[in-house]
Amino acid sequence: MKRYSIVTIGFILFLSLLLSACSSDSSSGGKNSGSEILVGVLLPVTGNNATDGKDMLNAMEMAVEKINNDGGVLDKKLKLEVADDACDPQTATAAANKLVSKKVVAVVGGYCSGSTLPASGVFHNANIPMIVAAANSSELPEQGYDSLFLINGLVPDQAKTGADYFNDKGAKNIVLIHDNSAYAKNLADFAQKSVEENGGKVIGFEAINPEEKDFGSLMTKLKSLNPDGTYFTGYYAAGGLMLKQFKEKGVPGFFMVGDGSYSPDIISIAGAENANDLLVTATPTANFIPGAEAFVEEYKSKYDLSPGPFSALSNNGVNLLADALKRAESTEFEALKKALKDTKGFEGIGQVIEFSEQNTLSQSNFHIMKVVNGEFTLEK
Amino acid sequence: MEIFFQVLIDGLVIGAFYSLIALGYTMVYGIIKLLNFAHGDLYMIGAFVGFTLLSLFTGDGGVNTGILGLGVVFIGTMIIVGFLGMGIERIAYRPLLLAPRLSILITAIGVSLSLEYSSMIGWGASYKVYPIKLPNDGIQLLGTQISFAQMGMIVLSALLMLGLRLFIDKTIYGKAMRAIALDQTACSLMGVNVHRIIALTFFIGAFLAAGAGIMSGIYYGTINFLMGFTIGLKAFTAAVLGGIGNITGAMLGGLVLGILEAFGTFYMGGSWKDVLAFGILILFLVFKPTGILGAKEMERM
């Protein structure tokens with residue numbers, strides 16, 4: 001059943017790859033020498049993740065427009081060159097090669113970790129710096145590319161944010177639950193590490209099958225463990241059902257979910273009365289970031305919709321690049337790479353950007369969201 | 001001890017769902033030796049039809065539906081899906097009754113996929129939230145907490161199963177079904193309308209699956225178009241565990257599987273419960289291939 005749909009999607013992607021490969025040849029010949037600086041954008045603007053991809057692109061275009069209206073960078077205008085990676089590794093590699101052939105000075109973007117990984121290798125070999133705005137697999141920095149910069153927090157940051165919140169609230173005995181997906185298991189593993197570093201104790205480490213609906217006996221087990229806090233790292237469909245049964249069974253302690261469950265659907269599935277006081281570790285959408293009101297208003301008036309989860313980060317990515325170009329006073333690779341690396345206290349929307357040894361954020365941008373009266377609010 | 005009873009109750013609730021769906025598998029297998037893999041999807045269709053009826057009948061989303069309205073929706077859904085089950089038999093299975101078993105098995109998988117993806121087109125791919133929420137009131141019994149909703153689920157499925165048992169044992173149609181399970185050719189020679197009885201079997205199987213579907217929607221709160229796949233597999237397991245072709249065996253198999261899973265979750269952890277449940281299934285198949293009740297009753301059904 002699954003195999004069938006994967007084959008179909010693969011076939012369609014293959015066709016679209018052929019088409020895009022044919023069309024890209026007609027308009028080649030990049031030019032940075034004129035009055036423009038060409039910035040590559042690698043995003044899924046088609047396919048399942050196109051909604052978030054377009055949100056990110058919108059936010060980048062907003063940033064570029066603002067920069068250009070303020071006089072541009074190094075007396076030139078920024079211009080975005082968009083390549084569609086469709087969240088597919090093969091398409092992403094072709095898209096990355098297209099950007100290389102257009103001679104972009106740097107690349108901003110990267111949504112799916114799976115497609116960002118191979119693309120980042122192409123850019124690294126071509127000596128083009130990349131600022132990854134959303135993708136946050138810990139495999140990205142592990143490649144050791146010195147020209148790859150990540151401005152979204154990684155899985156360990158998220159785990160630490162959750163564990164620190166529990167610790168602050170005096171919750172010492174923690175139960176961790178994942179759904180057997182690679183991401184959720186990874187997050188749960190890091191959460192265990194963080195909880196134990198804080199002097200807490202993981203009294204239960206459980207897995208569920210996300211296709212099932214009945215967590216009754218698991219909740220009975222939790223109740224008998226008497227936890228101070230429970231952290232579910234999977235996605236909202238199972239998270240909502242679990243939260244409902246958690247409350248119905250009367251399990252004590254906090255209930256916290258990871259960013260896979262950061263969706264209004266978790267509230268409607270669990271029911272507003274059960275969702276109250278639900279905690280979420282996530283990078284908040286711009287609506288919840290103090291000081292982002294102007295950005296949200298502008299975005300809404302321009303595109304007639306609310307910013308998506310990665311809009312602020314994408315906006316920050318372009319602004320960071322412009323800032324680094326100014327500091328480097330050049331579009332040359334080594335100078336730009338050094339300027340990005342030397343970023344100190346760059347203030348973006350909702351985050352201050354500085355890089356660690358591995359070019360990841362030295363200060364996590366994960367926050368705790370809390371549901372109050374059926375709405376997400378920023379807790380910490 | 002309280003914990004023991006609590007886990008037992010948890011297992012009974014999920015086991016009741018398995019039993020209701022396992023009945024459909026086992027009835028169809030008993031009569032025409034077909035593993036109807038589309039059966040789990042009838043459970044899903046039941047949940048969606050119930051969802052649509054509830055939203056239709058009660059303009060405000062069904063929050064104020066009384067017991068009576070709920071009963072009407074229940075019966076209505078079960079009859080609609082029952083006829084759908086008959087239609088599937090007429091279109092997809094009857095022309096293949098004399099074909100090799102493998103052809104009809106593949107057809108069943110085709111029907112399953114058609115049902116899943118036409119529901120996706122009709123109702124959308126995202127999770128739907130049921131318009132009814134059950135109150136969480138309940139009683140304390142032997143130190144365990146049982147909600148009225150849980151009691152209702154268990155009682156309702158027990159009633160449905162009891163009704164089926166009586167139907168098969170006491171009515172002329174039930175007798176015809178048992179006869180067909182033994183020898184189809186002899187039955188048609190004796191003037192039994194074999195096709196009609198087979199259609200009736202499909203109707204009853206789909207009827208019960210739809211009941212389980214709508215119960216699951218109300219009890220758990222969410223439905224989506226793939227919800228029938230996993231539970232269908234589990235119910236099939238339950239049917240085999242109880243002795244496929246045997247009605248009482250399917251009921252028992254469902255409850256046993258549910259309870260095994262609950263205890264597996266509690267004592268070994270969530271990731272181990274399927275290992276425990278299916279490990280026991282394998283042991284059963286090795287040492288007693290006919291299932292718990294398979295060999296005791298020679299006569300099928």
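Quick reminder: no glycine exception, Cβ is built from N, Cα and C everywhere.
On a predicted model such as this, the values are computed, not experimentally measured, just so you know.
Noted in TrEMBL for the protein shown:
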type: TRANSMEM; residues: B:12-35; note: transmembrane segment
type: TRANSMEM; residues: B:42-59; note: transmembrane segment
type: TRANSMEM; residues: B:65-84; note: transmembrane segment
type: TRANSMEM; residues: B:104-126; note: transmembrane segment
type: TRANSMEM; residues: B:146-168; note: transmembrane segment
type: TRANSMEM; residues: B:197-219; note: transmembrane segment
type: TRANSMEM; residues: B:275-295; note: transmembrane segment
Chain residues outside the transmembrane segment (B:197-219) and at least six past its termini with a C-beta under 8 angstroms from it: 13, 17, 20-21, 23-25, 27-28, 31-32, 36, 39-40, 42-51, 73-74, 77-86, 88-90, 93-94, 130, 132, 134, 149, 153, 156-157, 160, 164, 167, 173, 176-177, 180, 187, 227-228, 231
Seg_contact(the transmembrane segment (B:104-126), the transmembrane segment (B:12-35)) with at least 3 CB pairs under 8 angstroms, min sep 6: yes
Close approaches to the transmembrane segment (B:42-59) from elsewhere in its chain (Cβ under 8 angstroms; 6 or more beyond its ends): 21, 24, 65, 69, 72-74, 76-78, 80-81, 84-85, 115-116, 119, 122-123, 128, 130-132, 205-206, 209-214, 216-218, 223, 225-228, 231-232
